[in-house]
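Annotation comment: TrEMBL describes 334-343 as compositional bias 'Basic and acidic residues'. Annotation source TrEMBL lists domain 'HTH araC/xylS-type' at 226-324. TrEMBL lists 315-358 with the feature region 'Disordered'. Feature annotation from TrEMBL assigns signal peptide to 1-24.
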Amino acid sequence: MRHPHRLAFVLLPRHSLLAGSAAAEVLVAANEVLGEPRYAPLMLSLDGQPVTAACGTRVMVAGALASAPPLRAALVVSETLPGAPEPSAAAPAITAAATAPLGRWLREQAAAGALLGGLGTGAAWLASAGLLQGYRATLHHAQVAQVSELHPQAVFSSNVYEIDRDRLSCGHGTASLDLLIAWLAGEHGDAIVAPLLAHFGLDRLRARDERQRAPLSARVPNAKVTEAVALMEANLQEPLPTEDIARLVGVSGRQLERLFKQHLGDMPSRHYVELRLVRARRLLRHSGQSILQIALACGFASASHFSKAYRARFGHTPRDERSARAVDWQAQHATRDAARDAAQEPASPAGGPNPETP
């Protein structure tokens, strides 16, 4: 039996308990789907002592960084930024004395060929260790601007998650589910996605380029606008006329237009089309439906009408979108297979035997 791949989760003080545990649970579920123990999650702390999560729960760990066995991946789980003060006496600050060894350890893992990742603000710790130059990464949207300014050598996005070669990252706690499932799909093919989604009661895997979003009610302080958008999102297949939406939320059509312009910077009709096109792009990338089926599901009367609107919004046709997805999938799997083949090649006689790395 092959050795399981060990993925270490480095838990920092006041980390998100949800992010770390959800990611580890995906690996456990993957073992069930695959029918063998292919993955072994490993919880580590800086010093081997239990770590207090943001919710106050003390989490037991397997050991300290220095005791880690060979790893397939090392993911930093954090809700704070390097150098940020800790407000809670129950969760002491991550001192400079501890930060430096963490950076060195991460660089050692990278040199050994491990994947590196960050959950929550974990990507900021990778950047501070000099391990994100030229990589795309993400973290909680509230910290993207600050971290981007400190580390311009990396490209930080507000996407739900990012997978860029050997770097994995996500922001919100629940995004760790999407991140790990998407990564496993790259390792084992798309067939693993459906059973994992079913295991966690999820209806879909979010695309990596979906944006992190605070609830609309938190971003738009107007109940009429949020009610109108909710109606639009609930009626993408058969779009409602603007006048009907206005009537249902209790304002005139002219008033609704003024409110949308004030709070969303757009007209209701254009915002509605945007919602339908974004939904269509998601289906093109992540479903097997035909282009006509997607057009009808998103409220377009014909494939030609859909194609024209799609090109105007995204700069290319729905057919181009689907073709690009197929090329991207083939490239990802070719890269993965090449890396596996290289790892399995025997070492030259001068180099001695090639030890198996779990």
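Note that Cβ sites are derived from N, Cα and C of the backbone, with glycine treated the same way.
Tertiary neighbourhood of the signal peptide (1-24): same-chain residues 31, 36-46, 51-55, 57, 59, 61, 65, 68-80, 86, 88, 91-94, 102, 119-120, 122, 125, 170, 172-177, 179-180, 356, 358, selected by CB-CB distance under 8 Å and a gap of 6+ residues from either end. Counting residues per DSSP class in helix, strand and coil order gives 74 helix, 0 strand, 25 coil for the domain 'HTH araC/xylS-type' (226-324). Predicted-model confidence for the domain 'HTH araC/xylS-type' (226-324) is 93, expressed as mean pLDDT.
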